[in-house]
Amino acid sequence: MKSLLLLAAPCLAALLSGLSPLESVTELPAGWSLHSAPPASDVLSLSISIRHDEGDDELKRRLGGISDPRSGSYGAFLSREEVRALRSPSRDRVDAVLGWLGEGGVEGVVEEDWVRVEVTVGQARDLLGAEVAYYTFSEGEEKSVPVLRAREYGVPEGVRDAVGFIHPLSNFLPLLRSNDGDSETPGGGYGTASERRRRDFKGPRARQVPDEPINPGDDYVAPPAPPCANRTTPACIRELYNITYAPEGADPPPSEVTYAAAGFLEQFLYHPDTDAFMTAYAPYVPLSARNVTVELVNNGTNPQVMSKAGLEASLDVQYAVSLSHPVPVTFQSTGGRGAKLDGDGVPLPESVADNEPYLEWLEHMLEKDDADIPRVVAVSYADDEQGVPRAYALKVCDLFAAIAARGVTVIVATGDGGSRGVRRGDCRSNDGLRRPVTMASFPGTCPYVTAVGAVSAIEPPQVATFSTGGFSIYFERPGFQDADVEGYIERLEGHLEGHYNASGRAIPDVSAIGTGFAVQWGGGPSSVMGTSAAVPVFASMVALINDARRRRGLPWTGWLNPRLYSEEVRGVLRDIVTGVSAGCAWDGDAVAGWKALDGWDCGTGIGVPGDFMELLEVFLED
């Protein structure tokens, strides 16, 4: 017990003497706890990120022009080699890091903008001033295997300008998980894959419908029910948004667009579920188009065992295929635990490997040939932003900017906690001060992705209470949001003032229907709600827009946000002005979340698509 107490409050000042601090975790995020002290001989696999700030700045500058229809460089996307050149660190920085490691008896292997190393716990202490210990993450009845982490570390001043951060040394990010939700508990799928498979999905939550007039009289005629009033299916979504696009001609050529659905955390796609869903809800999709390509990333697998079918994978792919046809769909099954070696170089069992795959997935995307990279990517995974290490979030966001520069549109879910982020924390800051704060979610707060919230199926639609919105504490608000967000803050009239970063990037950008979705999962019917349900709806629209643009010789949409906020696009969207998202509770007092108001708001962004065919026409006017 004494050793654990010492680890819990180490004399880090002495350890870091002579070093420049890089990362520091003041307060362990919710769910994490100290487990045990490791032997000095235990081995860590670390990746040292080499900075290339100048290249990142130039890439983002060029991305701004590429994404602006008023610019002469609009649509001139960068090639793989051009992006690689911009992101390559200088030789001086690489040599400085290798020299420092060599002096400590550690050999580094250079891979692009990373230096990979294997170090012992003792070497980490000597090189980085890191008090490494085993920590575990718990959620509900589930508990992770112990992983090696340090709450603080640094590097010598001589290499401080060369090193961005060291991954995953101070990464207390929970295991990636999807925004699976059942009908009674939005976002109820936050847990391990095995926990989600045990849940009982019972059908859609009770609908909210307007009260009918009292004593309407003999002449009263009830208004027609909205298309998705009883259950959300591909057919009613197509009717709701007037998605009637089809390529021109009797025998049009195949689409140049590929839609990729990202899959993590053992969310496997069970093909018989897809076939059954298409037969029941989308018989118009040809049999050949139902053959979803599965791409295995970072030791990913996709076993065809019914009991291993993933709810999120089922939702993402079934609605992507049924709504984006004729665009082909790829499911990217990314391994949740990368391979890890013990001290003798022998692979460890998967249960004790802890390498987190998000960075690997994005770098896999960047390595794709220009002809093979998917042009629309849907990501239904999110986390409380403050629970993501800042350096890690910045790195991931830079990678999103890089794939955007190559002509990829990334659509992400905001999460299912209203103003509470993804409902994991307690609406308190983790900086040691425990301030009452609202929570935004990552990666939606990265300005280079399009963050999607959810609305109800009633008429008129209103913000879904679970739909996450808010303000970033890591990323500044981009210029295209300034007028909208400043207007919203003014219209809030002080509501939640002091509980958010008013100058931060604000989410969501846009919304779509996200309740009562019928899915086929594990051999039977289920029902899902959440922002992850809204993602394939909006992403499919973007895929169809790209298909139409390419058939007219127009460039990909790429980074969508600058154009999304334009007056032309806003003119064909439907503003949502009713409803309020779920709120936080501080000191026993429940506070309402984000209100849907005129214009952009933290509930629904700039609104929902109205008539898709009108939206399509706007995007065909280059």
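Every residue gets a Cβ built from N, Cα and C, even glycine.
Just so you know, TrEMBL annotations never went through curation; they're auto-generated.
As written in TrEMBL, here are the features:
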- GLU312: active site, charge relay system (ACT_SITE)
- ASP316: active site, charge relay system (ACT_SITE)
- SER532: active site, charge relay system (ACT_SITE)
- ASP575, ILE576, GLY599, ASP601: Ca(2+) binding site (BINDING)
- 231-621: domain 'Peptidase S53' (DOMAIN)
- 176-227: region 'Disordered' (REGION)
- 1-18: signal peptide (SIGNAL)
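Positions of TrEMBL features highlighted on the structure.
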{"residue": "GLU312", "record": "active site, charge relay system", "DSSP (3 states)": "helix"}
{"residue": "SER532", "record": "active site, charge relay system", "DSSP (3 states)": "helix"}
{"residue": "ASP575", "record": "Ca(2+) binding site", "DSSP (3 states)": "coil"}
{"residue": "GLY599", "record": "Ca(2+) binding site", "DSSP (3 states)": "coil"}
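Recorded residues ILE576 (Ca(2+) binding site) and GLU312 (active site, charge relay system) have their alpha carbons 27 Å apart, per Cα-Cα distance. Comparing Cα positions, GLU312 (active site, charge relay system) lies closest to SER532 out of the recorded positions SER532, ASP575, GLY599, ASP601. Looking at ASP601 (Ca(2+) binding site) and SER532 (active site, charge relay system), their Cα atoms lie 19 Å from each other. Taking the centre of the Cβ atoms of ASP575, ILE576, GLY599, ASP601 as the Ca(2+) site, the nearby residues of that chain (Cβ within 8 Å, site residues left out) are VAL577, ALA596, LEU597, ASP598, TRP600, GLY603, THR604, GLY605, ILE606, GLY607. The distance from the Cα of SER532 (active site, charge relay system) to the Cα of ASP316 (active site, charge relay system) comes to 8 Å. Taking only the Cα positions, the spacing between GLY599 (Ca(2+) binding site) and ASP316 (active site, charge relay system) is 29 angstrom.
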